[in-house]
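Pulled from TrEMBL:
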type	residues	note
BINDING	81, 82, 83, 111, 125, 129, 276, 280, 281	L-histidine binding site
DOMAIN	1-353	domain 'Aminoacyl-transfer RNA synthetases class-II family profile'
């Protein structure tokens, strides 16, 4: 008889129990804090009509969309990201969703990408957004929430690096650049943290920007100071540039709301090098950057007040972002940032067939007390093998119930780490395991 080779498709993964415990803990942390801030859960289907997804991501990205014709002859496509399906939801159910509408979504997406380290064809995305308000309160709240999530996951030295699309538009006008030069400026400035001021100048020279434009751009992006100090300096420099002034006004409001929310001032900064796919955004943009160990950005966020209108025919303002949850999970795992508690608190062994009923009763008693309990499922396996199983599973406590224990209404509680063993009355057993 021929056998089937057990293997996964390239770019797809299995998650074994140890991995799943970490993934579940990270995802549950996101969900808990999202809901604490009033964001509601949303899921969209794996398959969408192809015309919902196609034409929304650009030519190169569309090559990565899994699309095919189903058995009913319908052209369908697998979810490429969470943003476009959510915009479809807003258009489809807009009259049923009260505005402002706050949603979070943690689901897998699929891309027919070239696989390499850290890049998969099936992976999770984690988004949260607020629809239906232009107030900077929503942007400030997201920043506060993101910092809290990363703090809860034990990331240290995290800062929200904030800029504004309107300000960047104004900056190019201040420098005397035209629309065709806008992209070249953005690409160069976006590399500021990696290549420094000299590198940015060289990048702009390579793109044939004039010395006058380069000097004006550098006079701005090289400014230093607190967020409030930078806003003050730039308002004086760009008083005659309406777009820049509007962007600075939004940032001024945003910073005041962060202060009102008691976000420490060292946890956010006005960073003129944050660019982020600016054609997509209409107001504030920000990243959450981890400064330790070369981690860098773990989330990209911003305000996009025009995108939903592509589906609805009228604009619905929106703000939010996407956390790189797969990367965050890997960092948590590699750095052991979260204590990995074993999900089974104890194992109830079965001494032999005659003692099986009592072992089942004890396991049931413990589960009624919400104690995570594994009942060894075979009365014919020797106790020594059951203890080895507990060790292999990382279960620290084993309950042994022999004839003598049944007679005395007690159990033996064995600590697999220390080898110590004690006799406990059954009535005291739940408390002994909880404390």
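Backbone N, Cα and C atoms are what each Cβ position is placed from, and that goes for glycine too.
Overlay of TrEMBL annotations on the structure.
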residue	record	CB count, 10 Å
81	L-histidine binding site	19
83	L-histidine binding site	21
125	L-histidine binding site	19
276	L-histidine binding site	20
281	L-histidine binding site	24
In three-state DSSP terms, the structure that residue 83 (L-histidine binding site) belongs to: helix
Diameter of the L-histidine binding set by C-alpha atoms, the set being 81, 82, 83, 111, 125, 129, 276, 280, 281, in angstrom: 23
Averaged pLDDT, computed only over the residues in the domain 'Aminoacyl-transfer RNA synthetases class-II family profile' (1-353): 92
Three-class DSSP secondary structure - residue 281 (L-histidine binding site): coil
DSSP-derived structure type at residue 276 (L-histidine binding site), helix or strand or else coil: coil
Collapsed DSSP category at residue 125 (L-histidine binding site): strand
